[in-house]
Each structure stands twice: as C-alpha cells, then as structure tokens.
C-alpha cells in the first residue's frame with residue numbers, strides 16, 4: 001500500500017540537518033533519549049490502565065526491548081507503551097515543531113553540548129547522530145498499526161502497516177545505522193551505554209543476545225557403530241565393570257555447542273529511593289539523576305529522605321547545576337517531580353506537588369498513602385498531597401541551607417536560582433522568613449562580594465534602627481546614587497537591589513529579624529541627633545522662599561519642594577512617596593506590554609523635589625530668588641535643568657528629552673561664547689525656521705560655582 005507523504009516543519013528539517021551532519025563525538029546519547037521516550041510511553045499506558053485495566057490486554061507485559069540485527073545494519077528499539085495513532089505520528093514527529101526546537105538550535109549555534117537535546121523536548125531526533133534512515137512502527141489501542149519513515153530529508157511518509165508482524169501495542173524504532181556507527185550493534189557497547197545512562201529506568205530493558213551453549217544430543221547411528229568398533233579394538237584393561245544390561249539401556253549422547261538467542265535484562269537495580277541513603281554512592285545518585293532529568297551534568301546537590309508517622313513517603317530530590325533554558329516561561333511544564341504510589345508511576349504533571357518557585361528541582365516522590373487511581377482533579381484537592389508538598393518545601397529549604405555552608409557551592413546555586421528564591425520570598429508567606437536568610441546582595445560595604453541580610457544586621461551600628469536598600473537598573477547606576485551620601489556619612493550600610501524581582505520580594509518581606517526594610521529612594525525618616533534636627537528646622541525656615549519659588553516654576557511636575565537633610569554632595573534629587581512606585585518600579589512597569597494604564601497613573605507616586613542647602617548651586621539659586629529674581633528666565637531655566645538632571649540621577653526617565661537637550665545646548669553655547677544670533681546668521685538656509693527668542697543681557701545664564 002502506498003504511503004502518504006508529508007513535509008517536515010521547516011525548523012525540524014533544519015534541526016535534523018544540524019544533527020545528521022554534526023561532528024559531535026559522544027553520539028551514544030541517542031540511546032538514552034530513545035529509552036527515555038520509551039519509558040514515558042510506558043508510563044502513559046500504565047496510568048491509563050489504572051482506570052481501565054483492559055488497555056493492557058493488547059500487550060500485558062511492560063518492557064523496552066533492544067534487538068541488534070548486524071546482517072541488516074539495523075538496531076531496533078521496541079516498547080510496549082501507549083503507541084501512537086496515525087495523527088500523532090504525523091503531528092508529534094514532523095509537522096508540529098516543539099517550543100524547544102528553535103531554542104535547541106540556538107543553543108547549539110552558541111556552542112552548547114548536543115547531549116542537552118533531551119532538555120529541549122526534541123530527543124527523538126538524536127537518532128540521526130547514528131542513523132541516516134528510520135522507520136517508526138507504532139500501534140495505539142485506538143488505531144491501526146502504521147509505519148512512519150524518514151531519511152532526514154524534507155519529508156516523511158506514513159503508511160498502513162501490512163508487512164511487519166503485529167506488535168499488539170507500542171512502538172518499534174528501526175534505525176538504519178551509518179557505516180561508521182555499527183559499534184551500536186555490539187552487545188558489549190549497548191550494555192555499556194545502558195549502564196551509563198539508563199540503569200535506573202523503571203521498566204525492564206531487555207537486550208536480545210546471542211549465546212553459545214553446550215547441549216547433549218543423541219549420537220547418530222553411524223557414529224554409534226564407529227564407537228562400538230573402537231571399543232572392541234581397545235585392548236586396555238577396564239578399571240571397573242559395568243552391568244552390560246544397564247549400559248545397553250543408557251542412550252548414547254554427545255556434547256555439542258550451539259548458538260541461541262535469549263533476552264537479557266540490563267537494569268535489575270531496585271528503585272534507588274527504596275534503598276538506604278548510606279548504601280548509595282554519589283555515582284549512583286548521579287546516574288539516577290541523569291536518567292530522570294535528561295541532563296548531561298551531575299547534580300549540584302541531592303536530598304534523599306523519608307517521612308514516617310501518620311503519613312509515609314520517600315523522596316530523592318536533585319538541585320541541578322544550571323537553570324533550564326525555559327525556567328520562567330509561562331507554557332513550560334511547572335513540575336519536574338515524578339509521583340509514584342507504592343512504586344507505581346502515577347504522573348509527572350502533579351503541579352500541586354511543588355510550588356512554582358521550586359520548579360527547577362527534579363526528582364521522585366513515592367507515597368504509601370495516596371490511592372492508585374488518582375485523577376488530576378483529585379490530586380489538586382487531596383489533603384495528603386498538601387502535606388507532602390509542605391514537607392518537600394521544608395526539606396528543600398533545609399538543603400539550600402546545607403549548600404550555603406560551602407560558599408563556593410552556594411555561589412553556583414545562587415547564580416543559577418537566585419530569582420527562584422526571590423520569587424519564593426514574594427509568594428510563600430509561610431517560608432518567607434526562612435528564605436530571606438538565603439538572599440544575597442552587594443552593598444556599600446560589600447561592593448565586590450554578595451552579603452546576606454544576617455551579616456548586614458551583625459554590622460549595623462547601635463543607633464541604626466532599619467535595614468536600608470536602594471533599587472536600580474544596574475550596580476553602576478546605584479553605586480553613584482545621590483541617595484547614598486547621607487547614609488554613608490552615618491556609616492549606615494545600603495543594600496543594592498538591581499534585579500527587577502528584588503523590589504517585589506522586598507515589598508512582601510517588609511522586615512528581617514525585627515528590622516524594617518527601608519527603600520532610600522522613597523520618603524523615609526533618617527535617624528538624626530538633636531543638633532542635626534535643630535539645624536534642619538533652621539534651614540527649612542531659611543530656604544522657604546526658594547522652595548516656594550521652585551514649586552511655582554515646576555508646577556504639577558512635583559507634589560512639593562523640600563529642604564533635604566538626606567543629600568550632601570548632590571544639589572537635588574527626586575524622591576517618591578512611601579506607598580507608590582519607586583523610580584525603578586516605574587521603569588519596570590513601563591516596560592510591561594500589557595500593563596493597566598489606569599493602575600500606572602494611580603501608582604506613579606507624586607514626586608518630591610529635594611534640594612540640598614549644603615550645595616553651592618542651591619545657595620546661589622537662593623541668593624538669586626532672594627534678590628527678587630523668581631521670575632527671571634535664568635532662574636527658571638536653571639530650575640528646570642536642575643529638576644531634569646535630578647530626575648535622571650534619581651532613576652527616572654524624562655518625559656520631554658528634547659527640552660532638556662535644548663537647555664544643555666544653550667549651556668554649551670554659553671560655555672563656548674557663542675552668540676545665538678551669530679549662529680542663525682551663519683545658517684541662512686535655516687531662515688525659514690522661527691527666530692530664537694533673544695535673552696536680555698541682564699538675565700543671561702551665568703556659570704555657577
């Protein structure tokens with residue numbers, strides 16, 4: 001019967017071309033990927049059979065079987081899993097690209113290891129590392145048996161199978177190996193790869209092996225006569241006499257060697273989580289981790305534990321060395337924990353088993369108490385699941401603290417998963433305080449190394465009541481912030497928060513060990529002595545005419561203008577109210593494509609324009625205003641320039657950058673002694689433009705010390 005031909009999705013064609021032409025040496029990982037897929041197919045049929053046992057009647061045994069066929073240069077990998085319908089063969093293997101296809105190709109182009117392929121969900125195509133043609137024979141309980149075939153070109157065929165033996169249920173992958181990859185037909189090589197990568201797969205992996213055995217066979221009549229003749233000719237005395245009648249009755253046989261084929265199970269190891277942790281080597285943990293995670297690296301940390309009492313379950317949880325490429329993608333699978341009930345795999349999609357902020361953790365959980373016939377809906381409402389989840393989170397926080405005891409290990413962990421910890425601080429009310437101890441930041445006293453909140457508290461001077469922090473786009477931006485001056489002068493440490501998620505986390509955290517967390521870009525009370533307080537009150541009165549004049553000039557751009565005791569070197573800064581967005585949060589929210597604009601206008605705090613009475617610029621500006629120059633164009637220009645500069649140094653963006661640029665250009669002209677009238681005269685072609693308003697000589701902008 002002629003098959004139907006289909007075009008591969010373009011990205012899949014590119015991917016196969018990349019793989020088939022790769023010079024990557026460690027090609028053995030193809031077997032790991034195909035066995036992993038087979039194991040997934042077996043998981044699915046076993047789960048279906050929990051609610052409908054008849055599903056297993058088409059093939060009662062659950063297995064993965066490898067059959068080398070050296071004479072044909074073919075390697076067959078069969079599983080008795082769920083199988084694929086015709087539509088699934090077309091969609092899953094060719095016409096619908098998975099989200100990881102493009103991401104994997106980009107990673108490869110960037111120099112990533114091809115053994116990462118499984119993490120991107122495209123492990124099937126790894127077979128083209130060793131084969132240049134493949135047939136997939138598949139039988140699902142809901143459909144006929146079909147053959148899917150491809151030689152990694154631009155198309156594939158799907159044909160109703162009328163030539164191969166019936167497989168009952170499941171899938172056979174028939175790989176036609178390249179001439180330089182025939183080592184994967186050798187028994188020794190296959191066993192080596194299985195031991196390295198797939199020893200802990202939950203289903204028996206059978207290898208069809210050829211063995212030489214000795215058998216006793218009856219001696220043919222002609223050989224018997226020759227034997228008798230030889231006995232007669234033999235003149236040597238016999239050591240013992242045998243009853244002649246007995247000898248007559250005994251059939252004459254001989255031993256011959258012959259080759260037989262038999263199935264040998266390659267993974268007889270019992271489930272790792274059922275064994276005592278003290279009996280398991282790190283190598284075994286590493287091998288098990290790789291078999292369940294598709295990772296090619298060893299894990300960073302392992303947490304193996306059991307909970308007994310009213311509730312019983314065992315778990316092995318792994319913390320990877322790196323974050324996956326799609327860690328925070330919304331469509332990504334939210335859980336990497338396989339749930340078993342009394343050694344029977346139930347699901348790896350129990351999203352309620354672990355909170356989203358811990359979605360990077362991989363492992364297995366085996367419960368003694370959950371019912372076997374759990375549906376997804378029942379999982380969500382099950383009280384036992386909630387208790388298991390609570391225990392898992394508790395044990396993982398324990399593991400993170402154990403990692404923190406080794407600073408080098410913790411640096412690796414934190415660089416990969418800091419965002420997850422911060423997300424946990426934001427979302428997990430119950431464990432917020434424990435997670436806060438894991439947070440690390442640069443600060444004014446720890447610029448080059450990260451410091452913990454606990455260490456910050458131990459360094460606090462006696463008279464310091466709060467924990468201070470500043471938010472911003474980058475370390476460089478916050479290190480030079482004018483907001484730091486007064487706190488540095490008092491020897492108060494300030495934490496640098498430069499990750500967008502930091503501000504969300506701190507907004508929820510609010511305090512640490514009884515100390516309030518204070519954002520210094522917002523309005524706050526700074527600890528001051530009685531002398532400082534008296535001096536501040538005096539300055540407020542002295543500068544009242546200036547603050548009023550500046551407010552009149554700036555109008556609705558600011559809520560108020562105040563004399564600041566929190567600024568030293570900088571002439572001015574913009575601070576926001578305690579309950580609105582900071583400059584940094586305003587920047588983050590502006591970048592949100594789907595933000596609520598009404599919420600933005602409500603949360604964008606009214607700005608307070610703070611001026612420093614210690615700044616020579618502010619002193620000179622005060623002098624000008626006191627002399628009656630509040631309406632002076634220079635004063636207005638300088639005020640606007642001062643305000644816009646303060647916006648930038650305080651982390652805001654300018655609403656009208658062109659006005660700011662014009663003011664700067666006028667300053668440049670003055671600095672270069674360029675008369676604006678002269679400029680216009682030397683550019684007659686620009687005469688059609690509106691004339692520039694002449695500034696009276698007595699109000700010219702002056703250079704201020």
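Every residue gets a Cβ built from N, Cα and C, even glycine.
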**Item:** Residue carrying phosphoserine as stated in Swiss-Prot, selected out of 330, 605, 653
**Value:** 653
**Request:** State the residue range annotated as region 'Disordered' by Swiss-Prot; the candidates are 219-257, 336-374, 375-413, 414-452.
**Result:** 219-257
**Item:** Rounded mean pLDDT for the residues that make up the repeat '4' (246-250)
**Value:** 54
